[in-house]
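Shown next, in structure tokens, is the structure this report addresses.
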Amino acid sequence: MSTGFFGDIQKVRYEGPESDNPLAFRHYNADEIVLGKRMEDHLRFAVAYWHSFAWEGGDPFGGRTFDRPWFSNEIDAAKLKADVAFEFFSLLGAPYYCFHDADVRPEGRNFAENTRYLNEIVDIFEKKQAETGMKLLWGTANLFSNRRYMAGAATNPDPDVFAFAAATVKTCIDATKRLGGENYVLWGGREGYETLLNTDLSRELDHMGRFLSLVVEYKHKIGFKGTILIEPKPQEPTKHQYDYDVATVYGFLKRYGLENEVKVNIEQGHAILAGHSFEHELALARTLGIFGSIDMNRNDYQSGWDTDQFPNNVPEMALAYYQVLLAGGFTTGGTNFDAKLRRQSLDSQDLLIGHIGGMDCCARGLKAAARMLEDGALSKPLDERYAGWNGEFGKRLLSGLSLDQIAGEVEAKDINPQPKSGRQEYLENIVNHYV
């Protein structure tokens, strides 16, 4: 039954590249076959509950701009929000959604009330998933908004906060498992510091390692089959976060023996904040064997903030999905739109239009990436660039020769290598040809 929030808008359909209907897909065709698989199954789109239904349109200089009928801290408002959210999911046709506990329930007086509220909403979600066919990509706990977490959750100097956070995560993993969630995410927005003057780095890292170990232990205890994911971000809201980027997270996982238990959920905007490209973070995660899922958005390249806009850069998406395809595609992960409307975008249809544009952009990127992969457009030049390592001398360098033996061969054979072109402009033109 319609809530009336979206008026008379009908389910979004694929109408093809020539369509000028802003409420139709021009490039995302869920059933189109790409590399032998349906486009929907490649992209595995998800809607973020927090930005789409919980964000009020505020910024550091001004408060709420959105006027939503569910904006109150009451359980009935949370139920209305759920009705609107699942109506939106059905209109858009994305197969998945994601949520934090605080997105979907009111803030209770204590842990017990929070848990009761969460379970009440999960009851509703279970029914709505059965009715609509929607699935949960991942669940997570909000361990950063409430003032109790101002000095962190897992890394808080107060053990009571650590305990409250751990108990909250336990309830959120339970909810995720109950809803058939395919992953569970941890984002350490307050796991870091503002100043080293009041921070014990060694203690805080050990506490974070202990916290994550508890999560992994509980996952196995209850038989949760999903993937545990960490989402890297260098700063904001803290000055420095411990899960700075993919490389930092991998080092952390190795230190605490969790590299085979936990993967990463990589956000485009967080990669940019860390001084990396999106494809760099994806390529490194793939190389290190910890690629899990992505949060799709974009940052404003001038402001330096994590602006969480909808993606609109097809060449960037092509290079990103090229890395996803090289990784073998998503398994339990997917493409979650961690993107929000601009605070002046007040109309209900703006929420659909933002997601439609993002899904079309990703579809174009996926198709370009698939063509590059099929044609060997980038892999063939790469193979040529490293061909010398496939020869007899290259293999001996990697698996037998000592340093003094190498020096002897260089002198005996008068090895005097000359540089070869990296052909960057040629490769960039290849990408432009496909997009």
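Backbone N, Cα and C atoms are what each Cβ position is placed from, and that goes for glycine too.
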Matching residue for the Mg(2+) 1 site, where Swiss-Prot names Glu231, Asp295, Asp338 - out of Glu204, Glu259, Glu267: Glu267
Whole-number Å value for how far Glu231 (Mg(2+) 1 binding site) lies from His270 (Mg(2+) 2 binding site) (Cα to Cα): 9
Glu231, Glu267, Asp295, Asp338 excluded, remaining Cβ within 8 Å of their centroid (Mg(2+) 1): Trp187, Asn265, Ile266, Gln268, Gly269, His270, Ile294, Met296, Asn297, Asn336
Collapsed DSSP category at Glu231 (Mg(2+) 1 binding site): coil
Sequence-distant neighbours of Asp103 (active site) in its chain (C-beta under 8 A, six or more apart): Tyr49, Trp50, Phe53, Ala54, Asn142
